[in-house]
Amino acid sequence: MLGYLVRRLAQAVAVVFAMSVIVFVGVYAIGNPIDVMIDPGATQEIRAKLIEQYGLDQPLWQQYFVFLANVAEGDLGTSMVYNIPVVDLVFSRLPATVELVLVSVTIAGVVGIPAGLYAGYRPDSIGAKAIMALSVLGFSVPTFWIGMLLIMAFAVNLGWLPSGGRGDVGEVLGLHTSLATADGWSHVIMPAINLSLFKMGLLIRLTRAGMVEAMSTDYVKFARAQGLPDRQIVFRHILRNISIPIVTVFGLELGSTLAFAVVTESVFNWPGVGKLIIDSILQLDRPVMVSYLIMVVILFVLINLTVDLIYARLDPRVRLKGGA
Amino acid sequence: MTGALEVRGLTTRFETRAGPVTAVNDVSFSVAPGRIMGLVGESGSGKSVTGFSILGLIEEPGRVTGGSVLVEGQDLRALKPDQMRRMRGRKVSMVFQDPMMTLNPVLRVGDQMSMAVRVHEKMSKRAAWDRAREALEIVGIPAPAERLKAYPHQLSGGMRQRVAIATALLHRPAVIIADEPTTALDVSIQGQILAEVRRLADETGTAIVWVTHDLAVVSSLADDICVMYAGRIVESGTSEQVITAPRHPYTKGLIESVPSLHEPGRKLPQIPGSTPQLLNLPTGCPFRPRCPRATDICATEPPRLDTDGRHVLCHHPLETT
């Protein structure tokens with residue numbers, strides 16, 4: 001177990017390293033940030049001075065090693081646009097995204113998994129067919145469009161919920177989050193639902209597929225022959241058997257939503273990291289892009305590791321050894 | 001003699017897209033406490049469906065359309081679904097063919113067994129676990145306490161089938177339906193399990209319906225034999241009667257096609273053709289196209305029931321005297 005963790009972490013370091021090279025080169029190829037940053041009327045001397053200040057006059061490999069050296073000291077660089085350390089910048093935006101994503105994956109799980117179980121348990125019922133039709137809508141209709149419809153309906157026409165922005169922030173256990181206030185909830189609920197629809201559709205279909213397959217297995221028939229009620233068969237026998245694909249998708253979705261909730265954050269004007277990364281790409285804010293993407297890689301590695309550990313808890317036949 | 005299990009006129013139909021199929025057709029038999037009845041037939045003869053019909057576990061589009069199933073005198077078909085569920089595992093239980101598939105791979109053996117205990121009897125988890133351990137001891141599993149903590153994949157095939165049998169025996173049911181439980185096992189393991197089952201039937205008084213296609217197994221294990229063909233019981237009697245003096249041509253064909261070690265090199269007789277499709281059965285007797293004794297009457301008239309002590313469904317039964 002410990003050996004497994006060590007190997008996985010070593011792998012993670014290699015992945016992060018490779019990723020940093022790709023990102024660094026890629027960002028370098030996009031364009032020169034100085035052109036965006038300074039007044040076009042600035043003199044040649046000012047331009048040259050700035051280029052030298054940011055170290056952009058050095059060759060690429062040298063810039064990369066300077067970057068690495070700084071990272072080794074815990075310094076991910078300073079935003080060229082906001083002029084504050086990247087770490088501070090990202091962490092000032094992160095709580096907003098995390099709370100939005102947590103609410104949305106919770107909604108997706110709490111609604112999607114039971115709905116999928118039901119749709120698989122009674123596949124021919126009208127309810128199951130309605131659930132399946134809705135799940136198709138959930139992941140085929142574009143997020144931004146549903147987001148705009150939600151705003152039209154609940155903010156503009158009904159006036160029940162605010163149309164965007166983050167509400168009042170309260171403090172729970174030292175964390176600043178809008179989930180601590182009623183106003184915060186009224187702001188988070190609509191974008192969270194919007195963000196959850198795709199995941200919900202996916203979870204419904206996965207759960208249903210697993211359920212349909214499990215219902216015809218011998219261990220379910222055997223449980224029936226022992227007189228177990230269906231409720232117990234579904235929740236104690238089947239759910240655990242079909243949870244591996246569900247956990248996989250859940251983990252991947254959690255990661256990608258945390259990193260790229262861009263569309264929903266833009267539609268609802270949510271001050272999260274998704275908007276930050278889009279803005280910094282437009283402004284060629286190189287340190288923010290590089291550092292952010294590297295943090296995303298670390299996030300994915302951690303989520304995948306967690307998912308693998310959960311596998312081993314769920315299915316006794318999974319043994320944690322080797323790397324891949 | 002009152003049977004632990006009495007089946008009268010049991011009929012199960014499946015409404016398929018191509019039309020209705022009668023998979024079990026007017027099946028009757030009875031099994032006394034502690035007796036083992038072999039229900040023999042080829043694939044598709046309806047023997048497994050008979051087992052599921054007895055437990056009330058036929059799924060759509062199938063339905064038991066007629067007959068009665070009496071367990072210790074109580075008609076299971078008159079029960080509401082939830083009452084029927086309470087009978088399963090407590091009064092009548094079932095063991096399946098493939099021990100690799102019948103145990104849930106992600107739950108420990110003890111968890112599965114104690115769940116089966118507690119569904120019918122209110123008791124603590126600990127007490128249920130003790131009951132499970134005793135049940136494993138009864139079926140001859142060494143170190144039962146450790147086995148309870150194991151997951152199914154950590155046990156051998158024979159061990160798993162013993163666990164399944166122990167699970168079916170937890171509540172000392174009046175009847176166990178065993179659906180080819182030794183087919184997937186090695187011959188040596190099969191022998192051990194058969195001996196164990198014979199002993200358990202004698203000791204616990206549980207009546208066992210042993211569903212199989214394997215005449216060799218049944219002849220050494222069962223007290224009585226019913227031979228099924230195309231959804232009907234074509235011949236029944238004590239094991240000795242049926243094996244040594246079969247009266248139905250189909251039974252005779254089955255017995256002759258069992259390979260024997262005593263005459264190596266001999267060409268093995270076969271029954272020509274294959275089991276008929278239940279959707280379009282031949283007119284008259286369904287065995288007629290494969291039967292060496294068939295005459296004109298077999299093509300027009302359904303076979304006659306001959307009951308001089310034994311049940312034979314044939315126009316031209318073999319004479320035994």
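Easy rule for this one: first residue shown is 1, then count along the chain.
The backbone N, Cα and C atoms fix where each Cβ goes, glycine too.
Listed in TrEMBL:
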- A:94-311: domain 'ABC transmembrane type-1' (DOMAIN)
- A:12-31: transmembrane segment (TRANSMEM)
- A:100-119: transmembrane segment (TRANSMEM)
- A:131-156: transmembrane segment (TRANSMEM)
- A:185-206: transmembrane segment (TRANSMEM)
- A:242-263: transmembrane segment (TRANSMEM)
- A:289-311: transmembrane segment (TRANSMEM)
Inset, instruction - Find the member of A:12-31, A:185-206, A:242-263, A:289-311 that has more C-beta pairs under 8 Å to the transmembrane segment (A:100-119) than any other listed stretch. - result: A:185-206
Legend entry - Tertiary contacts of the transmembrane segment (A:131-156), as residues 6+ beyond its ends and Cβ separation under 8 Å: 115-116, 118-119, 162-164, 190-191, 193-195, 197-198, 200-202, 204-205, 208, 263-264, 266-268
Legend entry - For the transmembrane segment (A:289-311): best-contacting stretch of A:12-31, A:185-206, A:242-263, by Cβ pairs under 8 Å: A:12-31
Legend entry - Cβ-Cβ under 8 Å with the transmembrane segment (A:185-206): same-chain residues at least 6 beyond its ends: 99-101, 103-105, 107-109, 111-113, 115-116, 119, 131-132, 134-139, 141, 143, 146-147, 150-151, 154-155, 161-162, 164-167, 178-179, 245-246, 249-250, 253, 257, 261, 264-265, 267-268, 270
